[in-house]
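Student: Structure incoming, see below.
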Amino acid sequence: MREKWRQILLGSDIAVSGQAQHALWEARDAGVSRLVELARAANDNRVFEDQPLIHESVISSGWTRLQSCAESWASPASRYFRSAELFEILSSSIERFDHLVFKNKNYPSGAWYTWEISIPRAFLNTVILLDMALPEAATRSCMAAIRRYSSSAVFQGGSTGRATSSDGANRVDLGLNDLLFSLITEDRRLLADSLELVQSVWTPVEHGAGFHVDGSFIQHQNVPYNGTYGVAALKVIATLMALVRDTSLALDAKTQSRVMSSVEESYIPFIVNGSMIDAVRGRAISRETETGIVDALDTIDAIIRISLLFPSTRTKRWQRLCKGWLEQLRDREHFTDRARKTSSLVRSKASELPDAIVKETLGHRLFPQMDRVVHREKGWALSLAMTSRRTPWFESGNGENFKGHHTSAGMRYLYRDTVPNNFEDGFWPTANLSGLPGTVVDRTPIPVDPQARNGASTPQNDWTGGSQIGPFAAVGHHLLAPHQIPMSARQSWFFPGGMLISMGSDIESRSGAEVVTTVEHRMVQEWRTDSLIVDGHRLPASNDVSSEAENARWAYSNETGGYLFLDGQPRRFRREMRKGNWRSINTEGSDESLQREFLTIEHPHGKSPTDASYAYALAPAASLSQTMALARKQPIKILRNDRIAQGISYGGFTGINFWAPGAAGAVSSEEPCSLCIVKKGGILQLAVSDPTQTAPVVQVHIAGKRQWQIKSTSRPGTAIQQTRNGIRLLIETKNLRGSSVLVELR
């Protein structure tokens, strides 16, 4: 089994064409040559000449470098294969690490993750790659140190004196380290226990870290993390499935089924045009070298591995999806060296896959356990990030993402197939983080503390969630400002097909600062040619240009599509060059100055507003002429937009979010709820949910002369009552955790 793990580390367990393999190892060997020079030049207090051992992240990086060298030593495709010189450098480097770090009583300090997961992983992999031929004394000493840091994968944080039960992706990573330890020590009981522990993480949870039945993946108790921690878990389980396949330790059928389902429900929905959506990447958005492309490539790598292990119609589709994503990334891997290197690894595995590609499935996905939305239509996709009693405003820690306070304040991520990803290539260090697209923000300055940990606290709001019928949906959240700023708002988003309708109401603040709704804040990709047209007037395509319109009706940008302003209120339009650097949002980032062009549309609500509101629509696929036609027709009817409810009708779709009992149009509710209605011929489709996740029953009344009857329902116990002026539906929502109940009436 050690040999099988060595093959997995080297990628030799998957057939790769000779040309792809040669290019891959040529690039790897160039890096190893540089590391050899740095190791030779190091003084007695360092392992590599350019890395003083002053921080745990540097120590971890050093071990990762040694693993890279060991991979070249172990691979027949490398020019360093079985090199005596490289082996001697590896041996002496490990002895030096043991002397300078593991035998130093001042360690460990800093992040427990580094000492219990990162460093042990690289060391254990290196030992296995080198055929366990390292100096015995140093190996034994390092192994003992690792066991001091983490004596059991059931716990985490013991290295820093704060041991707690491990969970989620951390449990998966710790379990893998236990498994590698068992391979080296030939401890069969530990091997079986570690595999069982890793598999347990795929058992759905109802609260906290892990996989939820709606596809959410949570880490750190309440943070949406499908795109980073979730990816780490998928990578581990994919390699373990390869390791134990066709052995007595192979994953049981139930776990295998859960893993396959998680690919469909927890990973594929969050990759758009080859990039992982930032709404589920937590504080990783602030990492200069870990872009959404890198996390997507790691996910694609794991999906490809699983698909090759278990060929079927389903996994063939995954392979074609992966091919499509890689094709979309072909011209976009230059943003970081890490993306480029990861891409070469993934492409080498994908080179033998079918050439035919498929696109992501269109439609709407609501993840009520982590308050995220993904919506796809032809040519564009969109994600929303919201807060709730379940989900924090943001997460910061370890010097990362300490300015991310508003990233879940209704932030909207728009992706278009014909336009590069707006959130790569320097968006986060240059954007106005108090004016992110879709958000309502009180501009009171928030103190910045790079070392502060945020994420445990959540807003005690009224409700967050939504309802959906296929691709049609209503979504909303009651927004409370972070950092105890006395500002609140109610935001809704409606998906009637072809556009997004955004509404805000009950916007109030007592801070004395200006409150602003950001309709758009987009990094312009082709700033010399793209321009914004407002009511037929063109905003010049040059830096630092701004204008205001008291009663604008529409706007158009070829980067984002068309905007319809539905409320006759003032907007500000601005084009500006913004500057920043990665260190301003992450203490490990570079201080190299970046500048990016931004196009911004704002709706100012003034200082300390009371009962302010907004309403606008975004049609991402609309052309200029289509936008103008929509503005002339004004086909969107606003049913209500206040502290009681927000609702619209458009074509055959009606969407309403009731914040309190009340009425909107022909529909009323006796409880807070979200609902959608779609009329198709003689059938009325209705979706109702309880976004408070506390109500056992929701009662909805639909006025009208027709006496509807229930044709079908997804929830037994749904009842209908005829009234003098319509019908009343009694819908059981207990234990549905925010999911919709579907009812068809005829």
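Any Cβ shown, glycine's included, is placed from N, Cα and C.
No curator has checked TrEMBL annotations; they are predicted automatically.
Pulled the feature table from TrEMBL, pasting it below:
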ACT_SITE  HIS220  active site
ACT_SITE  TYR229  active site
ACT_SITE  ARG283  active site
COMPBIAS  454-466  compositional bias 'Polar residues'
DOMAIN    5-323  domain 'Polysaccharide lyase 8 N-terminal alpha-helical'
DOMAIN    364-623  domain 'Polysaccharide lyase family 8 central'
DOMAIN    637-695  domain 'Polysaccharide lyase family 8 C-terminal'
REGION    448-467  region 'Disordered'
Student: Are there residues at least 6 beyond the ends of the region 'Disordered' (448-467) whose Cβ is under 8 Å from a Cβ of it, and what are they?
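Tutor: Hits for the region 'Disordered' (448-467): 220-223, 366, 368, 371, 373, 386-397, 399, 402-403, 473-480, 482, 493, 587, 655, 657, 659, 672-676, 687-693, 738, 740.
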Student: If you count the other Cβ atoms within 10 Å of each Cβ, which of the active-site residues HIS220, ARG283 comes out on top?
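Tutor: Highest number of other Cβ atoms within 10 Å: ARG283.
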Student: Is it possible to list how many residues within the domain 'Polysaccharide lyase family 8 C-terminal' (637-695) are helical, extended or coil according to DSSP?
Tutor: 0 helix, 38 strand, 21 coil
Student: Going along the chain, which residues six or more apart from TYR229 (active site) have their CB under 8 A from its CB?
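Tutor: Expected: GLY168, ALA169, ASN170, PHE217, GLN219, GLY282.
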Student: DSSP on the compositional bias 'Polar residues' (454-466): how many residues come out helix, how many strand, how many coil?
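Tutor: Counting residues by DSSP class gives 0 helix, 4 strand, 9 coil.
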Student: Would you mind giving the whole-number mean pLDDT across the domain 'Polysaccharide lyase 8 N-terminal alpha-helical' (5-323)?
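Tutor: Mean pLDDT, the domain 'Polysaccharide lyase 8 N-terminal alpha-helical' (5-323): 92.
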Student: Quick check for the class: what is the C-alpha distance, in angstrom and rounded, between ARG283 (active site) and HIS220 (active site)?
Tutor: 12
Student: According to DSSP, does TYR229 (active site) sit in a helix, a strand, or coil?
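Tutor: Note: TYR229 (active site) is helical by DSSP.
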